[in-house]
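Colleague: Sharing a structure with you now.
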Amino acid sequence: MSLDPAIAAKLKRNDAGLFSAVAQEKSTGDVLMVAWMDDEALARTLETRKGTYYSRSRQQYWVKGETSGHTQYVHEVRLDCDGDSVLLIVDQEGAACHTGTHTCFDTDVLLAAEQ
């Protein structure tokens, strides 16, 4: 798969050719996770509607839920104003975080809402 050249032209990548991808749950608005993508991962996501990312540590592509069953169905993909990040609006089946929790953002609250 290759990314549409019109989309590729809008992306700003880091030195490794990557950009960040934020997965947000459609039904709740919760931010579930942040991962990395490159052009190929984005092309696969757009083609299959499955959250597909690039692992920097393993240097390979991975489809969310491929081994765990905790899949992401992608409803929308949006490019941010700077072109260096994408937002995936998803239906999350099971845990989004590799620790087994629904979101990766449930461990440490660094600043809580004022009461």
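Cβ atoms are placed via backbone N, Cα and C, with glycine included.
The annotation Mg(2+) binding site is assigned in Swiss-Prot to Asp80, Asp82, Asp84. Here Swiss-Prot flags Cys81, Cys97, Cys104 as Zn(2+) binding site, drawing on sequence analysis.
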Colleague: If you take the centroid of the Cβ atoms of Asp80, Asp82, Asp84, the listed Mg(2+) site, which other residues of that chain have their Cβ within 8 Å of it?
Modeller: Lys12, Phe19, Leu79, Cys81, Gly83, Ser85
Colleague: Indicate whether Asp82 (Mg(2+) binding site) is helix, strand or coil by DSSP.
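Modeller: In the DSSP reduction, Asp82 (Mg(2+) binding site) maps to coil.
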Colleague: Once the chains shown are all counted, how many other Cβ atoms turn up within 10 Å of the Cβ of Asp80 (Mg(2+) binding site)?
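Modeller: Neighbour count, Cβ to Cβ under the 10 Å cut-off: 13.
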Colleague: Please report how many Å separate the Cα atom of Asp84 (Mg(2+) binding site) from that of Cys104 (Zn(2+) binding site), as a whole number.
Modeller: 21
Colleague: How long is the line from the C-alpha of Asp80 (Mg(2+) binding site) to the C-alpha of Cys97 (Zn(2+) binding site), rounded to the nearest angstrom?
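Modeller: Spelling it out, the Cα of Asp80 (Mg(2+) binding site) and the Cα of Cys97 (Zn(2+) binding site) are 23 Å apart.
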Colleague: Let me make sure I understand the structure: which of the binding-site residues listed (Cys81, Cys97, Cys104) has the fewest other Cβ atoms within 10 A of its Cβ?
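Modeller: Counting other Cβ atoms within 10 Å of each of the binding-site residues Cys81, Cys97, Cys104 gives the minimum at Cys81.
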Colleague: Starting from the Cβ of Asp82 (Mg(2+) binding site), draw a 10 Å sphere and report how many other Cβ atoms land inside it.
Modeller: 8
